[in-house]
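Step one of this worksheet: look at the structure below.
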Amino acid sequence: MAKGIGMSKALAVGVGVLTVSSVCGLVMMAVMYKIQIDRFPPVSPPTPTKPPVIPTGLPPTLRLPDNLIPESYKVLIQPYLYAVIPNNYTNQSFAFTGHSTVRVKCMIVSKSIFLHAQDLNVTTVEVRKSDSNEKLSVSGYKIHQNETNFLEIQLKDAMSGNETYYDIFTKFEGELFDVLDGFYVSGLFATSLLQPTNARKVFPCFDEPALKAVFQITIIHRPDTVALSNGIGGRKLKKSRYLYGEEWIVTTFEETPIMSTYSLAFTVSDFKSKTRHSGTIIHIHARGDAIYAGHADYALEVTEKVLIRYQDIFGLKYPLTKIDQIALPDISVEAMENWGFISYQESGLLYDKSTASTFDQERVATLIAHELAHQWFGNLVTMRWWNDLWLNEGFATYMSYIGVQADGWDLRDLIVLRETQTAFQVDSLNSSHPLRLQENDIQTFSEITELFDDITYSKGAAVLRMLATFMTEDAFMRGIKMYLAKFEYKNTVYKDLLKCLQEETKEDLEGFMSTWIEQVGYPVITIITQTGETSQEHFLLNIAWHVHIRYIKDRDLAEKNDVLKWLLANVNCAGFFRVNYDEENWNKLRMQLERYHHVIPIINRGQLIDDAFNIARAHRLNVTIALSLTKYLVNDTEYIPWESALKNLDHLILMFDRSEVYGPITKYLRNLITRLYDHFEEYTINGTVPEKHTDQYNQVNAISVACSNGLTKCITMAKSLFEDYKNGTNDIHPNLRKAIYCSAIASGDEYDWEFAWMEYQRATVAAEKDKLRYALSCTKEIWLLNRYLQYTIDSSKIRKMDMFSTINYIAKNVAGQPLAWDFVREHWSYITQEYGAGVVSLGSLLDAVTKRFSTELQREQEEKNQGLAARALEQVIERTEANIKWVKENKQIVKDWFTGEL
């Protein structure tokens with residue numbers, strides 16, 4: 001899954017299910033007044049008078065017992081998106097009905113069967129012996145409405161052990177909610193999102209990643225729709241059948257490989273598709289107008305290239321004959337890696353050259369690369385339990401920077417900005433967590449979903465990059481090939497990976513890597529250059545790591561001109577640690593940057609700035625040293641050092657944009673950015689962009705920072721281009737639209753905002769809608785921001801999947817942050833009801849609306865809201881406490897430094 005919801009009021013309608021083999025017959029539908037009906041109370045078996053002892057009662061943990069192992073499923077599902085119901089019911093509630101047969105291997109004698117089922121009305125349960133079809137008597141069954149989500153089936157007679165096979169048949173009914181998880185509806189399409197534990201919301205199943213099985217899916221759907229799933233559904237498998245005088249289609253899909261329940265997927269829609277045959281059949285599905293406009297063409301091209309590249313890198317052919325990818329108007333995550341049938345947000349798969357930016361194009365490419373990597377890391381080889389989720393997501397994130405090869409794209413360098421530095425921010429908190437937690441510590445839905453965070457994705461990728469550098473990438477990839485070949489179709493723990501990698505190096509990998517994987521945080525390496533003394537310490541805890549340090553000295557450089565005597569450690573930021581130096585070395589490095597910065601690698605120029613600011617925030621370095629490192633940027637046009645500096649200066653703005661310190665900061669930034677703005681001004685005026693990929697990103701930085709800090713010619717340019725747009729001519733380059741729209745609306749009035757809102761409603765391309773949606777949050781008018789917040793809970797105005805990011809945008813605005821905080825607290829019950837209390841995005845929402853918090857009053861407000869997402873709230877409280885302390889100690893120092901530079 002790429003890095004992101006809950007409950008509706010729809011009244012479901014139960015429908016008796018006709019099996020595929022049926023040719024006629026009519027079952028009356030009845031209104032389903034509640035999701036779960038307890039058919040019979042569980043019956044305790046009699047106390048045995050002789051061995052064997054037969055287990056009874058609930059398992060002692062939230063995990064399924066190990067008495068049954070699933071082998072295969074046959075699942076039939078029929079969604080009702082619209083219809084006329086018999087018995088004078090004229091309004092169709094969104095509902096689905098179905099039945100499932102799961103073949104299991106019984107390992108020990110047992111009278112109890114436990115599967116998962118949630119929000120389902122299970123109407124029939126039958127258990128038969130597979131070889132003889134002998135029916136076992138069921139004494140009762142019940143869904144436990146607690147965190148287990150167990151469907152408990154009690155038998156009168158025990159099942160034999162000794163690996164005897166049984167078939168468990170269930171009929172069920174459920175609602176098609178608009179909650180963006182499980183099996184849900186949006187408009188007139190229905191789709192699934194089953195990761196991490198939502199398969200149980202669709203059919204009774206063994207919903208744990210290690211309980212892999214083969215699936216055969218059948219979908220009954222309207223003739224004007226298309227059904228898609230993981231397997232191939234050929235024309236020859238489609239049959240017409242009539243229900244209530246209306247025609248339906250039965251599509252049965254080929255069996256899947258053995259896989260986990262969360263990788264299953266199905267969709268019913270009227271979407272169109274585009275196909276490419278290149279060894280693997282590649283289909284892109286989307287709204288018809290997007291397909292006809294050619295917006296799927298780029299995704300087809302990228303998918304073909306990345307598949308070929310991965311098959312070469314991994315040494316294993318993609319195991320399926322086809323790959324379907326679908327662009328959904330409503331999905332709560334950026335993408336989901338269902339095996340052979342990947343789901344995306346529209347902006348993550350569709351590309352319109354006329355409106356998409358370079359970032360939009362790169363996002364499509366890297367997101368496809370991320371999800372395709374999951375076809376090997378996650379689907380073919382799967383972590384045994386969610387505590388090793390980083391084996392899925394860390395690998396997919398790391399490979400997304402390797403899988404895409406495009407002219408002029410420096411993606412491998414960007415991993416430091418986007419993953420390493422991101423992970424550092426979260427992992428410096430005491431409330432962070434290790435890459436791998438203990439299995440018993442991850443049990444509940446909330447505990448599982450909280451793992452889909454920056455540690456799992458970004459730190460996972462950064463640590464793998466460090467390991468590949470340590471081993472050499474060739475040796476690392478040889479070990480990966482061995483790992484995939486050895487464990488295909490199986491489940492693993494991280495030590496299985498290390499054992500395969502160990503075959504390619506003489507170094508003790510388990511000794512080296514265990515500290516990085518099983519310990520929270522990362523070290524700060526301190527080097528005293530006068531004595532050569534080197535030490536390490538965690539930001540907060542007394543723990544240590546195995547660290548390999550690569551460094552360069554001034555005498556190692558080929559270019560000797562204007563080189564001072566300094567030492568620079570962690571070359572290219574390959575290690576997942578920060579580096580601190582004695583003050584003399586920091587000053588020499590600063591002077592080197594100011595004299596001739598080219599001798600220091602680009603990545604390290606960004607690293608020096610990021611390390612200095614964050615070590616200063618940890619009270620281990622004077623903040624003026626970090627601030628002084630930014631002065632050289634007037635002579636640097638590279639994106640990585642600029643982006644590193646702007647992210648850290650933005651933190652200062654968050655701390656001081658409501659105080660007297662803000663004025664000197666904006667004046668300094670305006671002076672600092674002017675030369676960079678001038679560097680790109682000719683491109684901007686001419687509506688063009690530089691050739692180099694990262695230069696295009698820095699052009700956007702130049703405009704955004706210059707306009708937001710009051711550079712007059714920037715604001716004038718933005719208002720002029722936006723005025724042309726209002727008059728019917730939009731010549732703004734797609735790269736620059738987000739920044740220019742934002743600047744124009746920030747300096748504009750109500751009519752500018754209303755125009756942008758009208759354009760947002762009219763836009764049909766998701767990438768353009770996203771730019772306008774962001775820009776609408778830039779207004780300084782409080783009443784417009786409040787109106788915009790209200791729009792986020794009206795799905796006719798802002799799509800449900802965009803609610804959280806829209807509030808996050810508003811919270812970035814100094815005028816909008818307190819409004820967003822109040823709004824989230826006021827509507828928390830609604831948010832958790834509609835989107836689910838354990839949803840991944842709740843953490844990012846709390847993070848966004850509290851980032852500016854740096855006072856005791858704000859900390860007290862946070863502590864009064866203990867009902868909010870537990871781990872996320874713990875992290876924001878910890879961050880607020882750190883902000884309070886840092887601001888008290890550094891406010892005057894920061895003010896004096898910026899004032900002195902004017």
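Quick reminder: no glycine exception, Cβ is built from N, Cα and C everywhere.
Automatic, uncurated: that is what TrEMBL annotation is.
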> To which of Glu362, Glu393 does TrEMBL also attribute binding of Zn(2+) at the site defined by His370, His374?
Replying inline: Glu393
> Given the recorded Zn(2+) site (His370, His374, Glu393), which additional residues of the same chain have their Cβ within 8 Å of the Cβ centre, ordered by sequence?
Replying inline: Met1, Ala2, Glu337, Glu371, Ala373, Phe377, Gly378, Asn392, Phe395, Ala396, Thr397, Met399, Ser400, Tyr457
> Across all chains shown, how many C-beta atoms besides its own are within 10 angstroms of the C-beta of His370 (Zn(2+) binding site)?
Replying inline: 29
>> Can you work out the mean pLDDT of the predicted model over the domain 'Aminopeptidase N-like N-terminal' (70-262)?
In response: 89
> If you skip the near sequence neighbours and keep only those at least six away, which residues in the chain come within under 8 angstroms of Tyr457 (site 'Transition state stabilizer'), Cβ to Cβ?
Replying inline: Lys3, Glu393, Gly394, Thr397, Glu419
> Where does Glu393 (Zn(2+) binding site) sit by DSSP, helix, strand or coil?
Replying inline: helix
